[in-house]
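Copied over from TrEMBL, here are the features:
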BINDING   Thr49, Gly50, Asp51, Arg145, Lys151, Asn173, Asp174  ATP binding site
BINDING   Asp170, Asp174  Mg(2+) binding site
DOMAIN    197-446  domain 'P-type ATPase C-terminal'
REGION    462-496  region 'Disordered'
TRANSMEM  232-254  transmembrane segment
TRANSMEM  260-278  transmembrane segment
TRANSMEM  311-330  transmembrane segment
TRANSMEM  350-366  transmembrane segment
TRANSMEM  378-398  transmembrane segment
TRANSMEM  418-437  transmembrane segment
Amino acid sequence: EERLESVYDSIERDFRLLGATAIEDKLQEGVPDTIALLRRANLRFWMLTGDKYETAIQVGRACRLLSHESTGAVLLTIDGDDKEAVGAKIQEYLKDMREERYVMRGKSNEVGVIITGRPLAIALEHHLDAFGELGVQAHCVICCRVTPAQKASVVKLVKERNKMTLAIGDGGNDVAMIQEAHVGVGISGKEGMQASRASNYCFGKFRFLSRLLLVHGRYSYKRTAAMMQYSFYRSIFIASMQLLFNIFAGFSGVSYFHSMYVAGWAVITVFPALSLSFDKDVSERAAHLFPALYTEGQLGQALSLRTFGRWALMGASQSLLVFFLTINAFGTEYMHPRDGAPIDFDSAGMTMYTAALFVQVGVVYVEHNSLHRWNHMFNFFCLALFYLTFAMVGTSYFTIFDLQSLYGCFPRMARDPTYWIGTLSIALGAILPHLALRVIKFQLNPEPYQVVQYYERTLSKRRKKDAKERSPSQQPLQPGAEADGAAGVVPSGANV
């Protein structure tokens, strides 16, 4: 390199500048605001770029990855040409962070780490664990002058520390990084379509990332957690009732319900589970306004041993209530009001099965945070499918699957008002404790999303009230008011 420099010096002299060219790579619209919003959602950013040191710092500040020093932010630079120097820097910064030497009262206390290509290669080869620990503790990390292979290695380093990673890029040099991350996002644009084709998600602007995470990502997590736990809940519910019956039947192994309905339980109750996949605990606008709600998924608050235990306990306790309430109301001493005949075994089993199905639908309504036509449609399909099959096997003599034992069961039960009133009352009695606990929990210790729900409902009522008070139909029209236009009809922005 020294010999090349001497040749350059001998040739590149006595020149007259005629002109210069420059390439400007502007940030997309909304990048700083998007990053600031996602940082409020407790996300940590690593910027992996091929730019040089000075350019990387300027880009980091332009997109709000790095705060200005006046706010108390600290930028730690890892440099060195050998493993001893790089290792010493990393250990020094780690020690300072453990001792909280960068904490300043009244300041942002943000710590950023920047490292270039050569020290990064040394850190990844000789100081992997220490560098990973330092990067995870920092608020942001900037790796400049890195190769595509180094980008993938950095993503792998973070993954191995039990962190969920998302990689976003727009060029072919980002493909390895996108494929290495848990979630890969490609931005289609001037850099081509290579990153988009290698990604899990693709869109045209970086600012759409906030909607992907804060809205769709959060909804997906909440809905998946609810559907999974409900699936276990419904299985525990039906199994607990079978277990309770066998305790009273001397562990004979006899099923209280017909085998077809035991097998069809998962099919019939799949519709309430599907209705949970359309639930929205807060509006999309609120999810953007309150990015801290995203931390619920990071902390695993919607799907954990605690929440699973709550669903399991609810399934066991509700099955206990349904079983004993049904046995007490439709026991061996119950007589049909029309003919005075005692209730038979299959009719008693179908009565309990009906009450259990009402409980499933009721629990889904209690767990729902928003109601729309899909909720009602899926729950209607659940009950319609049950009563359709119940009516078919009850009014027709089928010999397959031993269905002849159910012949005549539905007409007799359908004409009995006690069947309808009793099953609905039993279901209500099983659901009310669960509903009461939710109300008490909301009053004493509400979850963050419940506070936002209350805020949204209050704001909506206030807007409707203001709109009603300002409605022209509520105020008599004065002579000559037509000429004043709609000044008194449309509320001002301040009032909204």
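In case you wondered, yes, glycine gets a Cβ from its N, Cα and C as well.
Whatever TrEMBL says is automated annotation, not expert-curated.
TrEMBL feature annotations superimposed on the structure.
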residue : record              : contacts (Cβ under 8 Å, 6+ apart)
Thr49   : ATP binding site    : Ala56, Val59, Ile142, Cys143, Cys144, Val146
Gly50   : ATP binding site    : Cys144, Arg145, Val146, Thr147, Asn173
Asp51   : ATP binding site    : Val59, Cys144, Arg145
Lys151  : ATP binding site    : Leu48, Cys143, Ala167, Asn173, Asp174, Ala176, Met177
Asp170  : Mg(2+) binding site : Gly186, Ile187, Ser188, Gly189, Lys190, Glu191, Ala195
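Listed in chain order, the residues near the ATP site other than Thr49, Gly50, Asp51, Arg145, Lys151, Asn173, Asp174 are Leu48, Cys143, Cys144, Val146, Thr147, Pro148, each with its Cβ within 8 Å of the site Cβ centroid. In the structure as shown, the Cβ atom of Arg145 (ATP binding site) sits within 10 Å of 18 other Cβ atoms. Taking all protein chains in view, 25 other C-beta atoms sit within 10 angstroms of the C-beta of Asp174 (ATP binding site).
Confidence across the domain 'P-type ATPase C-terminal' (197-446), taken as the mean pLDDT and rounded to a whole number, stands at 88. With Thr49, Gly50, Asp51, Arg145, Lys151, Asn173, Asp174 listed as the residues that bind ATP, the site has a largest C-alpha separation of 14 Å.
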